[in-house]
Amino acid sequence: MTEVEERINAWNDGFEELLSYIPAKLYYREHTANQWKQKKSTLEEKKERRKMKFSLDGLVNDADDDSQKSSKWEQSSTMSDDTDVSDRHAESMSQIRGKLASKIQDLREKRKAGDLNQKRQNKRPVENEKDSQKGSGKSKVQKKKHKASPRAGF
């Protein structure tokens, strides 16, 4: 067993020597050191983020953030015509928002008008059913109760 242990130790020493030639920055990540120092978000911060997610003001702020992020990216990638591109991006976003708001409003108006028409149409057949039931003298529920089932004898 001593020979085996000596061989293993020799291999281990050789392997450790090879590893010593590799700089540590190649196999250790820098951001892992900060990973454990990061604070967890508090309950209030989570609530604020959730509110911003569903509020219209949050959409405006997100669009501003997106335009700032995109403009930073454009500045780093290309230095020419960066103001024209960011202006077009901001204009297109505002136009899209305007179109979306108008479509939503149109759909709401159509829905209100459609609901009124449906309510009117739904009331008419109900009145007709009542008239037909009055003439027969028995309601549909009473007719079903008196009907014998085919398995009544079993």
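Indices start at 1 and increase along the chain as displayed.
Including glycine, each Cβ sits where the backbone N, Cα and C put it.
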The candidate from T32, T83 that Swiss-Prot records as phosphothreonine is T83
Which residue does Swiss-Prot record as phosphoserine, given the choices S41, S71, S76, S80?
S80
